[in-house]
Amino acid sequence: MNVMLENYKNLVFLAGIAVSKQDPITSLEQEKEPWNMKICEMVDESPAMCSSFTRDLWPEQDIKDSFQQVILRRHGKCEHENLQLRKGSANVVECKVYKKGYELNQCLTTTQSKIFPCDKYIKVFHKIFNSNRHKTRHTGEKPFKCKKCDESFCMLLHLHQHKRIHIRENSYQCEECDKVFKRFSTLTRHKRVHTGEKPFKCEECGKAFKHSSTLTTHKMIHTGEKPYRCEECGKAFYHSSHLTTHKVIHTGEKPFKCEECGKAFNHPSALTTHKFIHVKEKPYKCEECDKAFNRFSYLTKHKIIHSGEKSYKCEQCGKGFNWSSTLTKHKRIHTGEKPYKCEECGKAFNVSSHLTTHKMIHTGEKPYKCEECGKAFNHSSKLTIHKIIHTGEKPYKCEECGKAFNQSSNLTKHKIIHTGEKLYKCEECGKAFNRSSNLTTHKRIHTGEKPYKCEECGKAFNRSSNLTKHNIIHTGEKSYKCEECGKAFNQSSTLTKHRKIQQGMVAHACNPNTLRGLGEQIARSGVQDQPGQHGKTPSLLKIQKFAGCGGRRL
């Protein structure tokens with residue numbers, strides 16, 4: 001209030017304000033607003049030449065604006081020694097500064113000391129006059145634009161006044177982002193976006209939420225309640241929006257298309273996520289490990305890795321997860337549910353992303369290519385794993401035995417060796433496994449299923465790895481080479497066996513009792529006395545030379 005009174009007194013002194021009706025100072029002291037003032041310009045000697053205007057003023061900002069208007073409405077030149085106020089004002093101001101005329105533009109560019117040499121008035125002028133804002137009136141620049149109707153203004157104040165046109169009666173506007181709401185309660189909820197307030201806390205796990213409805217949905221995780229059920233397949237969901245998203249799986253509809261590459265999706269969120277593939281910039285960086293992300297939500301999820309927080313626990317096996325979606329996927333291991341089925345071959349999956357990756361087997365699509373060696377993959381994660389082959393990096397180390405891995409999933413699988421835990425049990429024969437994939441493969445023994453068929457000869461296999469090995473027979477490819485002797489093999493296991501033979505010969509070559517047996521192994525591995533004698537047992541001398549004994553006789 002004191003500041004407003006001081007501003008008003010300075011305004012009266014500098015600009016010349018004649019009060020109509022009640023004295024504004026009295027109004028300010030009584031905390032009444034708005035008040036009405038009649039503003040007059042300073043004129044040269046004759047009060048009769050003064051022009052005036054009347055407007056309603058609101059405190060603070062409009063006093064400043066009105067003062068500017070008064071200053072700008074002065075006559076082009078100021079060539080006077082005495083300035084006086086309009087008739088009716090008892091105060092007379094003597095001006096002994098402006099003995100020389102100044103144009104308006106000169107006044108704007110002149111330093112404050114030239115305009116007001118008195119320290120008191122320099123301070124006042126500095127506070128309430130903004131020359132930069134005034135200049136926009138002459139240049140025609142209108143930097144403040146209305147988002148609703150695209151109308152532009154030279155002053156922010158004018159934009160705020162204009163916005164009231166768009167705000168309907170009985171509407172509530174957010175001061176932070178200007179968003180308008182029909183109800184005050186909706187505005188209150190919206191404000192939590194800016195404040196970060198989360199007043200609704202889960203009594204079960206302590207997790208907090210901004211909205212009560214989100215807490216209600218969250219509680220279903222603990223109760224297991226899923227009120228929204230799909231009529232097509234019977235699958236149930238916590239939230240109605242999840243059911244809506246799920247239904248698209250059955251229709252096959254993909255209305256959301258990427259403008260960059262033409263790829264279509266069945267959900268807008270999937271399209272949004274996909275678009276970040278085209279954006280190389282990753283502005284969101286983890287302070288803990290310097291890993292960067294192209295979405296803030298990804299960074300938020302990543303941070304949980306460092307905190308170790310696992311709020312979502314499996315009731316079946318007690319395993320904890322840091323995301324509800326991960327827990328949902330995990331539960332399918334126990335139930336055996338596989339809702340995502342391939343239309344091409346009938347194979348089913350418990351995760352939609354696995355089905356997407358699987359489909360590329362049929363299409364042959366491999367969009368992810370290694371820049372180092374040119375090898376292509378059907379999934380980005382596989383390319384990431386592959387790249388470690390070139391770097392040799394193994395960041396995931398077992399605390400129990402020190403063994404290192406290039407993937408966290410491999411470390412997780414490895415740890416089960418130490419714990420001896422076998423969660424996955426065959427209902428047919430009771431045999432237990434430490435991996436769900438091993439159980440799935442094992443079940444084919446009972447069912448006789450062999451889903452992997454060779455296109456060349458029609459032979460079928462119960463494992464994809466067996467089919468891969470088999471295909472080499474037709475191609476004749478021998479990619480596994482012995483560094484010691486240069487011999488090549490079509491399977492890594494055959495190379496391993498070959499190496500063991502060499503190691504065994506080095507260890508036992510000086511023992512006469514083992515040389516004859518080793519000779520037979522060497523003959524099978526292809527070591528010969530002379531060309532064209534494949535299959536014959538080599539001489540002991542040849543065995544000794546092969547084993548590195550220097551050819552000494554035994």
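Cβ atoms are placed via backbone N, Cα and C, with glycine included.
According to Swiss-Prot, the feature zinc finger maps to residues 284-306, out of the candidate ranges 8-30, 284-306. Proximity of distant same-chain residues to the zinc finger (284-306), defined by a Cβ-Cβ separation under 8 Å and at least 6 residues beyond the stretch ends, is recorded for 273, 276, 322-323. Where the zinc finger (312-334) meets the stretches 144-166, 200-222, 396-418, 452-474, the count of C-beta pairs under 8 angstroms peaks at 200-222.
If one looks beyond the zinc finger (424-446) by at least 6 residues along the same chain, the residues whose Cβ comes under 8 Å of a Cβ in the stretch are 333, 413, 416-417, 462-463.
Only residues 6 or more beyond the boundaries of the zinc finger (452-474), in the same chain, are considered here, and those with a CB under 8 A from a CB of the stretch are 441, 444-445, 490-491. Averaged over the zinc finger (368-390), the predicted model reaches a pLDDT of 82.
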